[in-house]
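Reading through the structure tokens given below for one structure.
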Amino acid sequence: MLALGKLLELTLAGREPAAKIQLTVEGARLRWLTEGALEITPPVASDCGLDLILSAGVHGNETAPIELLDRLLRAIARGELKPRSRVLLLFGNPAAMRRGERFVVQDLNRLFNGVHEQSSGFEALRACELEQLCVSFFAQPGRTRLHYDLHTAIRASKIEQFALYPWQAGRAHSRRELARLKAAGIDAALLQSKPSTTFSAYTYATLGAEAFTLELGKARPFGDNQMVNLDLLEQRLHAIIAGCEPEDDPSLDGLQLFAVAREVIKHSDAFTLHLPAAIENFSELPLGYLLAEDLGDTRWTVEEPGARIIFPNPRVHNGQRAGILIVPAGDVNLA
Ligand SMILES: O=C(O)CCC(=O)N[C@@H](CCC(=O)O)C(=O)O
Ligand SMILES: [Zn+2]
């Protein structure tokens, strides 16, 4: 196998490869760009016109997607998976991956779309670097842009594999992309309705890619991910990279669509979340339920029929999202 196929090993060891460019037998080029970043370029004659960004490890302790990208890259480096798409593989937060922690100083996935410019520290620099890597990767005009940012969640989930679909003014979410995700084993999608500072929101709204955050089960240490079955997603990523995707059924039956009702923001150290510690993502909350309290008279009470909670986390920094209240999406305008 080509040495650059061991990007994960190199990244975890904090090492730079001696050779930055290597070619597979079929002539695909692997190019190491910087820590945790590798570009794969198919031979010109077989290029299918897709620019695909696959990222994982934006949160350093979310190992199942990191292992998935490692398997894909090794298959390419062994010549078993023959790319026809250009691919940018990114391990988002190498320092946090080495520590097995979500982040080092601050949550990298809150620093995109320019927020890093008003901040400092390791993650702010990395957000800037990741944005530049994506801009350069997408520089060629007339090509199709797709980005999957792969994550796992802190807690268990009633719906284990789901997507968060970013938002941009005047742009409808794509039925074709949702059908593709359904075929890849994704059971639900949360359609965002406002701008965001996550990585996928950056590539979607600023760079015009189709882009998603994919949540793929519960975060566990390296080597401990046997419970997560990512076979369908892995097969689909193989097919996308190899430029040989099957035609998808355009029906979205079986894919649950949700909309954001409200984001719960933690304003102060007095913030209290009234949920059991082991509550699962997508748990339903009854009308009138007192969900959270904060300084002064701030109270979060459930007012939306059918409301469910995802990502409840009272330990976030003040000013950040401590949970999202979601509801089943009504009539959705899809492109
Ligand atoms: O389990 C949790 O509480 C967080 C899981 C996670 O990291 N989710 C992403 C979602 C990103 C998005 O909203 O697109 C995050 O919080 O960064
Ligand atoms: Zn994450």
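Heads up, the Cβ atoms here are built off N, Cα and C, so glycines get one too.
Keep in mind that TrEMBL annotations are predicted by a computer and have not been checked by a curator.
What TrEMBL says about this protein:
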DOMAIN    49-240  domain 'Succinylglutamate desuccinylase/Aspartoacylase catalytic'
BINDING   HIS59, GLU62, HIS151  Zn(2+) binding site
ACT_SITE  GLU215  active site
DOMAIN    255-328  domain 'AstE/AspA barrel-sandwich hybrid'
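With a cut-off of 8 Å between CB atoms and residues at least 6 apart in sequence, the same chain places ALA56, VAL58, HIS59, GLU62, PRO65, THR213, LEU214, GLU215, LEU216 near HIS151 (Zn(2+) binding site), listed in sequence order. Helix, strand and coil content of the domain 'AstE/AspA barrel-sandwich hybrid' (255-328), in residues and according to DSSP, is 0 helix, 33 strand, 41 coil. Around the Cβ of GLU62 (Zn(2+) binding site), 26 further Cβ atoms fall within 10 Å across all displayed protein chains. For ligand 1, the nearby binding-site residues are HIS59, HIS151; that is, of HIS59, GLU62, HIS151, these have a C-beta under 6 Å from one of its atoms. In the vicinity of ligand 2, defined as a Cβ distance under 6 Å, the following of the recorded positions HIS59, GLU62, HIS151, GLU215 are placed: HIS59, GLU62, HIS151. Packing around GLU215 (active site) is summarised by its Cβ count: 26 other Cβ atoms lie within 10 angstroms of its Cβ, all protein chains included. Counted within 10 Å of its Cβ, the other Cβ atoms near HIS59 (Zn(2+) binding site) come to 24, all protein chains included.
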